[in-house]
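These features come from Swiss-Prot:
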type     : residues : note
ACT_SITE : Ser42    : active site, nucleophile
ACT_SITE : Asp345   : active site
ACT_SITE : His348   : active site
CARBOHYD : Asn105   : N-linked glycosylation site
CARBOHYD : Asn138   : N-linked glycosylation site
CARBOHYD : Asn193   : N-linked glycosylation site
CARBOHYD : Asn240   : N-linked glycosylation site
CARBOHYD : Asn320   : N-linked glycosylation site
SIGNAL   : 1-24     : signal peptide
Amino acid sequence: MASSLKKLISSFLLVLYSTTIIVASSESRCRRFTSIISFGDSIADTGNILHLSDVNHLPQTAFFPYGESFFHPPSGRASDGRLIIDFIAEFLGLPYVPPYFGSQNVSFEQGINFAVYGATALDRAYFVAKGIESDFTNVSLGVQLDIFKQILPNLCASSSRDCREMLGDSLILMGEIGGNDFFYPSSEGKSINETKLQDLIIKAISSAIVDLIALGGKTFLVPGGFPAGCSAACLTQYQNATEEDYDPLTGCIPRLNELGEHDNEQLKTELKRLQKLYPDVNIIYADYHNSLYRFYQEPAKYGFKNKPLAACCGVGGKYNFTIGKECGYEGVSYCQNPSEYVNWDGYHLTEAAYQKMAEGILNGPYATPAFDWSCLGSGTVDT
């Protein structure tokens, strides 16, 4: 009897211990971030594309009305104002993260942003080998990471603090990245194995995280993709779809959103695997999909117009979007109240949408695990 009781108690303690470990590993630990290091594409690009472009062939984001709600002279951001990364910086009390390209004095204190408009998760060689040669940037996620590794010794040499410690105190924003990997083949009408491509994208993101952990990275915010089936650009591309293809509530195309959600689930699975391998690291998934999708479901609740699919800046068609006549081109108009719009230019969102998304990620249900801000002396986010 005593032996059976002893076994029962031992089993109970083992279950209790295992449960404790699982709970602990699913919670983020509070950290006072001293900088933001960013990788990705146009969703986080704070101006790199401007400095990488030929002065005679500047991108649309170099022209008015980009930046008209906040920065005024266009900063290269693909919006009328601030991006999610900007609202994160504001909340943390940090400077807006400057673009790496074109910066004179790069430092951990300022933060560093390698994200580039049009960037892909996979290297350019992958697409060229498949006959996809769109006019897109060569600064893939791998290239961005290589540049960071090259400049890291110089960054650390300018400070008395340990290099690993400085990176450990940084919030590393890994994306969003991967959407362009699907967009470029689609825009050229190329057939691709979507499952295989998504596997390669996730592998590239995972590999980058592991490399940064080896360098001292401790906290990663890894966003999933947007609901592409609600994008004005995608809706215009699929405008010949039948009525049954659309969600009667939102007007989005569920099939496209479901594909994106499947990809996001795969990414989350990989992040959970990494979290188990590196229990001392915080890997936080940012649910960009659902953080944005709620605006299409209940636009008025969040302060948007009742028809949230149309672009604020654009011309023509049901969604105020025409390929070849996008925002920033001569003769293309923009709305006078961008804060009431979700979509800015057909591809990207307004500052108002990005702000509400940032709030939902920093202090809402759209980060897994949720951020712990207890060491900041505040339990709520005010962006």
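Glycine is treated like the rest: Cβ placed from N, Cα and C.
Put simply, Asp345 (active site) is 32 Å from Asn105 (N-linked glycosylation site) when counted between their Cα atoms.
Here the candidates are the recorded positions Asn240, Asn320, Asp345, His348. The one whose C-alpha lies nearest to that of Asn138 (N-linked glycosylation site) is His348. Looking only at Cα atoms, Asn193 (N-linked glycosylation site) sits nearest to Asn240 among the recorded positions Asn240, Asp345, His348. Distances between the Cα of Ser42 (active site, nucleophile) and those of the recorded positions Asn240, Asn320, His348 are shortest for His348. Packing around Ser42 (active site, nucleophile) is summarised by its Cβ count: 25 other Cβ atoms lie within 10 angstroms of its Cβ, all protein chains included.
When the recorded positions Asn240, Asp345, His348 are screened for a C-alpha within 10 angstroms of the C-alpha of Asn320 (N-linked glycosylation site), the residues that qualify, in sequence order, are Asp345. Each residue contributes its Cα atom, and for His348 (active site) and Asn240 (N-linked glycosylation site) these two points are 22 Å apart. Taking Cβ-Cβ distances under 8 Å and a sequence gap of 6 or more within the same chain, the neighbours of Asp345 (active site) are Gln60, Ala78, Ala311, Cys312, Cys313, Gly314, Phe321, Glu326, Cys327, Gly328.
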